[in-house]
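Annotated features, as they stand in TrEMBL:
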- 120-129: compositional bias 'Basic residues' (COMPBIAS)
- 181-193: compositional bias 'Pro residues' (COMPBIAS)
- 11-183: domain 'Reelin' (DOMAIN)
- 221-336: domain 'DOMON' (DOMAIN)
- 113-138: region 'Disordered' (REGION)
- 172-197: region 'Disordered' (REGION)
- 1-20: signal peptide (SIGNAL)
- 379-400: transmembrane segment (TRANSMEM)
- 421-440: transmembrane segment (TRANSMEM)
- 452-471: transmembrane segment (TRANSMEM)
- 483-506: transmembrane segment (TRANSMEM)
- 518-536: transmembrane segment (TRANSMEM)
- 572-593: transmembrane segment (TRANSMEM)
Amino acid sequence: MWRSCFLVAVLTGSVFPVSGFSNGKVTVACGDMMPRHGDGPSPAPPPFSITVDTASFTPGDNITVTLQEASSTPTYFRGFLIEARDAGKPNSLAVGSFLLTDPQESQLLQCGQTQGSGVSHRRSSRKTRIQAVWEPPNNPPQRVQFLATVVREYKVFWVRMEGPVVSLHGATAAPSTPSTAAPPPTSSPPPLSEPFSSAGCGLSKSCLRDPVGCHPESDPACFFLSFVTDQQGGSVTFELSGPAEGYLAFALSLDKWMGNDDVYMCVSDGGSVTISAAYVSGRTYPEPAIQQDLWGRAWRLADGLIQCRFQRKIILPHADGRFNLSQSYFLFLANGRSQQGFIHRHDRQPLISSNQKEITGPPEDLGGSRSPLLIKIHGVLMLTVWMWMVSTAIFIARHYKNVWPEKTVLGQKLWFQLHRTMMVLAVLLTAVAFTLPFIYRMGWSKHAGSHPYIGCTVMVLSLIQLIMGALRPAPDSPRRIIFNWMHLVTGTAGQVLAVACVFLGVSQQALLLPSPSSPAVLAVWLVWTLLAHLLLQIHSCTLRREGSDREHICSAQSWRQQPEEKSNIKKIVFVVFLLGNTAFLVAFITTIASV
């Protein structure tokens, strides 16, 4: 009983590891200069400044760039990234190259087409000042601006701080943008006049919806993606809608793994929506793509919804990493938070279409899931093992040794054969389920919190328990008491940690069962198990007291040395316990299948 009670006490904590780029190898952030820390930049004014030693240059000159404190108030920074860009095209690639003045604290990166076009920290030590020398390219832009991202602590940083602008000798004022030029990606497209509609899904346009069959015009919780080829057949119109605090995005992918994907984002930014294209080369921040490939952009913000529309040519021969829309792809639909136009990692597992879809193919009403099949199987197996199989095996060993004292199967008592068989199967199924997330992730998950760590511990304890059971000494052996205690301690630890792991598992992003209903049902199941154990304990103690003229003191030992019961209460409780556990398990399997 104390083991069951202890289950409740350990379900309150978890550990969430973080990772960063303390070594300064931040090439992945060269495009947007945004740290991959999972948080947005600090809203406070940056306490640092960028200075240069000259206001003009010619090819072959050297310009000393200094990043330092902006005021007399002492402060420091740990990480940084400095780039030089065309002042007229701040979203273009870095230009020129740097030379190091302090190689102990800084290093060169390739942030453009030239090695050394960016400079970053080498280690996360505290710094108050850093310098580097910039060399202009052979054909420099007329005006160059220095930009810097500065990290003081993991969650305290400033992005793309604007430094001074230096001009090429003889250059005039900034050239005006021709009237035919496409708007920059930060310009806001016009608002939509009315919400999107699901009318025509599967008939005149292809749609991907979550929940299945929802209507974006009437359901505020509907995630919606539609696309249709124009009548001339040269472009595709996309519509994206859903409840989101910061952004909606969809991606075209050749597989069901994030990486090497063509991404399109609608990001809420100060009362408007920025619609842009990007490319994801791995599980990294999206790298901006050429925005002029999108047109007909429009958006709508209303009642917590983000809606956007744009068009794109079917074939973009000049764009690296952009997909041909006449081919088939898996569709990813994701949402998350943003801050000052910078997106955070999505809070939920993306909705992924069940099958590949040819974008310019016949209209279809597509289905999808936010939970990969391997993760669903992992959840079903683990719940079957720990919610039903293990709890039943422990229930039998603890309370039913004396209910079937004379019944034997293959030379062993019935309760022991049931207990042993169920426990062996539990270890085998746990081992199978244990491997599935590693197969899906192709390695270790960095965003699953303490769940995988606890799961590994449970797997080790299960194997130890299986080995100890196979090597157990005879009942009359002097080493039997050692085995009994080790069996009890290892089994208790495994069960406690497994139940904690189940509670953490239902909220994992790759599964994400409905909340708060799923944790609440798990809690009801745990209370149900405790009450069943408590009822049989009280029943056994009562019978023993009656057999001892009410003078016997009920002890823990009495659980294992009960007289044979004449009452059918235990048998009734056992049937009800099995039915209850089965009902809880079926409810969870049904829920997992539906997500």
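Yeah, the Cβs are placed from backbone N, Cα and C, and that goes for glycine too.
Between the transmembrane segment (379-400) and the transmembrane segment (518-536), the number of CB pairs under 8 angstroms, six or more residues apart, is three or more, so the stretches are in contact. Note on the domain 'DOMON' (221-336): mean pLDDT across this stretch is 87. Counted with DSSP, the domain 'DOMON' (221-336) comes out as 3 helix, 70 strand, 43 coil. The highest tally of CB pairs under 8 A with the transmembrane segment (572-593), across 421-440, 452-471, 483-506, 518-536, is held by 518-536. Shown for the compositional bias 'Basic residues' (120-129): DSSP residue counts in helix, strand and coil, namely 0 helix, 4 strand, 6 coil.
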